[in-house]
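As structure tokens, the structure follows; a few thoughts come after it.
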Amino acid sequence: MKIALIAHDRKKDDLIQFVIAYLPILTENSLYATGTTGQRIIDETGLSVHKFRSGPLGGDQQIGSMIAQDEMDMVIFFRDPLTAQPHEPDVTALIRLCDVYNIPLATNMGTAEVLLKGLKEGFVDWRLIRERRG
Ligand SMILES: O=C(CO)COP(=O)(O)O
């Protein structure tokens, strides 16, 4: 599965802790991230991550483009609901595309845990079945 990992600055520590906690599941999947988030994951966990541009420089849109091409299976996006982002329209667009294409999306750690546990149990396998048919 292809999983996008994204965190706003004040949520990056939380995401790193989350990634460490779920390392066994995440290692079995292909990971993608916006630039700064991806670099921190690589530096602090040793995981292999495909990095896009930083969020404010178009990274959210690059991940959105993968979703629009049916090439992303899950998005974990630790948003900061208390800080205004200069690229808020990009953030909204990414979330919108997840809804357009029914891509499982977590915007906080509580939901992210449920998604990864669900992924392990096979609840997202419909994405693979759909790929084989495609
Ligand atoms: O701003 C972001 C998502 O909207 C995250 O971007 P970075 O990972 O480059 O900080």
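For all residues, glycine too, the Cβ spot is worked out from N, Cα and C.
According to DSSP, ASP60 (active site, proton donor/acceptor) is assigned to a helical segment. All protein chains shown were included, and the count of other CB atoms within 10 Å of the CB of ASP60 (active site, proton donor/acceptor) stands at 29. What TrEMBL lists as active site, proton donor/acceptor is ASP60.
Taking a C-beta cut-off of under 8 angstroms and a sequence separation of 6 or more, THR36 (substrate binding site) has the following same-chain neighbours: ASP9, LYS12, SER54, GLY55. Summarising the annotation, TrEMBL assigns substrate binding site to HIS8, LYS12, THR34, GLY35, THR36, THR37, SER54, GLY55, HIS87.
The domain 'MGS-like' feature in TrEMBL is assigned to 1-134. Restricting the average to the domain 'MGS-like' (1-134) gives a pLDDT of 96.
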Exercise. Ranking the binding-site residues THR34, SER54 by other Cβ atoms within 10 Å, which is at the bottom?
Worked result: SER54
Exercise. Out of HIS8, HIS87, which has the highest number of nearby Cβ atoms, where nearby means within 10 Å of its Cβ, if these are the binding-site residues?
Worked result: HIS8
Exercise. If you measure HIS87 (substrate binding site) to ASP60 (active site, proton donor/acceptor) at Cα, how many Å is it?
Worked result: 9
Exercise. If the substrate site is taken as the center of the Cβ atoms of HIS8, LYS12, THR34, GLY35, THR36, THR37, SER54, GLY55, HIS87, which further residues of that chain fall within 8 Å of it by their Cβ?
Worked result: ILE6, ALA7, ASP9, ALA33, PRO56, GLY59
For this session: State, in Å as a whole number, the widest CA to CA span among the substrate-binding residues HIS8, LYS12, THR34, GLY35, THR36, THR37, SER54, GLY55, HIS87 given in the record.
Result: 17
